[in-house]
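Contents: one structure, followed by commentary.
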Amino acid sequence: MMSRNRKGSRVFFDNEGKIQLFWRILLGWLAFAAGLGLAVAAATAAGSYGFPTLALQLILAVVTTGVSVPLIYVLRRYADRRPWSGLGLSSPPKGLPYFLLGMGLLALLTTASLLIGSALGWLHVVAFHLPVTTLFLILINSAIAFFYEAFPEEIAFRGYLYRNLNTRLPRWLALIIQVVLFVLAPVALTAFMVLAGIATWDQITVDYMINLVAFGTMLQLCRILSGNLWMNIGFHLAWLEMVRYVVVPSPSAIVEVEYISPLAGYLVNIGTVVLGVIVLFVWSLRKKVGWNRIEPDHRSEFQHLTSFRSIGW
């Protein structure tokens with residue numbers, strides 16, 4: 001009888017008494033899914049009462065971060081029994097250079113995409129503007145996007161889930177599984193909304209799925225190369241604002257473009273990320289990143305990588 005109990009306990013707990021990896025991954029994914037799902041449910045309910053768009057966006061931001069991030073923190077402390085710092089999220093002052101690095105990288109990749117598109121005759125850069133209204137919208141939307149998308153997604157996927165996966169799996173495989181879990185989140189939410197009769201499958205397109213795969217890969221490469229989630233957050237946030245306000249075919253954009261070919265939109269939105277994946281992957285090979293490396297999450301381990309040079313193991 002005791003042996004059966006021990007076998008049963010091993011399904012859920014390891015030799016240290018920690019919850020087994022499978023369950024930690026599942027709980028981590030559910031923590032984000034719960035935050036996102038509750039946020040959408042709350043915003044949908046508020047919308048039925050006539051709340052303005054800005055209020056709905058604030059609800060999405062507050063609920064997503066307010067639910068998912070504390071749940072991830074609880075899992076890290078009580079399920080992993082490991083320090084929060086192991087996820088790669090430093091204090092904001094220490095993370096600022098990485099945050100700016102992520103934004104700067106996106107700016108360089110976007111510039112490269114525009115140059116490539118212009119050379120191929122797919123697009124034309126019409127003009128550069130600095131409209132006050134657009135700058136104000138970017139300021140407001142950045143705060144909302146930070147708490148609704150960039151911050152909770154990076155904590156959950158490139159932080160918690162990847163860190164746990166990499167304790168048992170090589171980096172390359174942990175990256176792939178993280179991307180799969182990242183793609184599954186909006187698919188699962190859409191399935192729930194379809195069952196509830198408040199959405200259709202139309203929004204889950206091939207383009208959207210390709211974008212998710214490329215985006216999830218790019219952001220994980222940022223985390224692996226820099227060792228700091230603030231680079232991810234900076235890149236993530238900059239990309240969101242770029243495709244919404246900065247580089248769009250509109251006179252209200254900061255960089256007004258004219259799409260001559262239907263491929264131009266894909267080049268700017270998805271091609272920029274794909275180009276980034278190529279650049280960072282080549283960089284990882286030059287820096288001799290150990291893609292087969294498995295990183296045990298020791299109790300006393302406080303991961304603190306300060307530069308790209310520190311990853312050449």
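Placement of Cβ uses the backbone N, Cα and C atoms for every residue, glycine included.
Worth saying up front: this structure is predicted, and the values here are computed from it rather than measured.
Taken verbatim from TrEMBL:
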TRANSMEM  21-42  transmembrane segment
TRANSMEM  54-75  transmembrane segment
TRANSMEM  96-122  transmembrane segment
TRANSMEM  128-151  transmembrane segment
DOMAIN    139-239  domain 'CAAX prenyl protease 2/Lysostaphin resistance protein A-like'
TRANSMEM  172-198  transmembrane segment
TRANSMEM  204-222  transmembrane segment
TRANSMEM  229-247  transmembrane segment
TRANSMEM  259-283  transmembrane segment
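If you look at the transmembrane segment (96-122), the same-chain residues 6 or more away from its ends with a CB under 8 A from one of its CBs are 90, 222, 226, 228, 230-239, 242, 246-247, 255, 257, 259-261, 263-264, 267-268, 271-273, 275-276, 279. The stretch in closest packing with the transmembrane segment (259-283), judged by the count of Cβ pairs under 8 Å and taken from 54-75, 128-151, 204-222, is 204-222. If you look at the transmembrane segment (21-42), the same-chain residues 6 or more away from its ends with a CB under 8 A from one of its CBs are 12, 14, 59-69, 71-72, 75, 79-80, 148, 152-153, 156-157, 160-161, 164-165, 167-168, 181, 184-185, 188-189, 192-193. Note on the domain 'CAAX prenyl protease 2/Lysostaphin resistance protein A-like' (139-239): DSSP counts are 87 helix, 0 strand, 14 coil.
Using a Cβ-Cβ cut-off under 8 Å and counting only residues 6 or more beyond its ends in the same chain, the transmembrane segment (54-75) has close neighbours at 24, 27-28, 31-32, 34-36, 38-40, 42-43, 46-47, 84, 140, 143-149, 151-152, 155-156, 159-160.
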